[in-house]
Amino acid sequence: MGLFLAMEPVPEVAHKYPRLVKWDVTTPFSYTLELIDGDEGQEKVLTSTSFERMFLADYVERIPVKMGEAEGVLFLPKQRGSSDPLPFIIDIRGLLTNLVVDRAATLASHGFAVFAFDYFMPSRRKSQEETVYMDSQAFLGIIDFVKAHPRLDENRIGMTSSCYGGAMMLHAATRLDLPVKCMVAAGFVDILCVNVGWKNLDGSLLEPAGPMSMYLTTWTDENGKSWLTLKSDTDSENFIDLAKKSQSANFCLEENLECPLLLFAHADDHHIPSLKATTELRDRLEKAGKGHLVEFELLPGTGHFLEVPYQAINTISSLYDPTTLQSPKLYLTDFGGSDTKQGTKDQVFAWRKIVNFFRKHLDVKEMYRSDWISS
């Protein structure tokens, strides 16, 4: 698999699409391998072969859905044996301009109903203000949807998250009375920051720590490429340190955690200070008497992204400036994870851990696939 894990984009598109991402999971990645002989310009293909990498199993339905105020995509496995009603997982990613669902689709192949929650862009489209707010009512809408759906089990609900999705998940779990049985957070922060705050059920607002200029830097390199970075763990003072100095610093309420929480600390994250955020949250939970609920795993070779297994590990990605409302500028950013060999081991270890964590705490009985199940 090393050949595919090390794939990089060709130069003509690398400036805009440096990271390999599967937007449409209804179609596979198609690979062609060629054995070539001869010098450049005189190459001869000796042999070739093609194969496909699927993300969406043939027994999983992809259903765009709106659950009250929450928009996204539901991945629903077809009934197998006595599997219904199915355990339900809410998948919350970072602040992306497009909803990435490869993780949700792949997780659904294990027999979970998975809702990829598009919390950012619907809010951004409704408001031209620099700051948008995650309406806590949206999570209640998701729960109501599950309760009303004949194939979903309201007593077996979990959540998984990454990047800023971790903040949304942890604030929901510790500020609302949700029937959540377990959670996973990877490469995340739990402080409200960037340009997304929180709206409580009573209508009051929790502001994100800022302004953004306090911890966001942009520059142009000698080749004319535009770069964006946040003050991460590689800086002497990262943006969590800076945000703590702000009177508007709002972390999750760790004393209210009531369910098992699996934390993945990304040791080589160059994008955000997720290593510091993860270890500090673990320490706060232990201090609050919640340490027995926490599983902590260090991923030594993982950058910002924890991809689904056997996905190419790209250390550079592109993103739009989240503070710009009209025609945002596209930047490159360094996500870390240059030790792809260790990163691959991390992928496999973490995915097996995640699948079995959810199977255990959501009491999964039916076997949809057995290749990632621990004995």
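Heads up, the Cβ atoms here are built off N, Cα and C, so glycines get one too.
Close to Cys163 (active site, charge relay system) in the fold, though at least 6 residues off in sequence, lie Arg93, Gly94, Leu95, Gly187, Phe188, Val189, Ile272, Ser274, His304, each with a CB less than 8 Å from its CB. According to TrEMBL, the active site, charge relay system annotation covers Cys163 (among others).
Its own atom aside, the Cβ of Asp269 (active site, charge relay system) has 28 Cβ atoms within 10 angstroms in the protein chains shown. Following the DSSP three-state reduction, the secondary structure of Asp269 (active site, charge relay system) is strand. Under the heading active site, charge relay system, TrEMBL lists Asp269 (among others).
The secondary structure of His304 (active site, charge relay system), as reduced to three states from DSSP, is coil rather than helix or strand. Annotation comment: TrEMBL describes His304 (among others) as active site, charge relay system.
The domain 'BAAT/Acyl-CoA thioester hydrolase C-terminal' feature in TrEMBL is assigned to 143-363.
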Cβ neighbours of His304 (active site, charge relay system) where a neighbour is any other Cβ within 10 Å: 25
Averaged pLDDT score, the domain 'BAAT/Acyl-CoA thioester hydrolase C-terminal' (143-363): 90
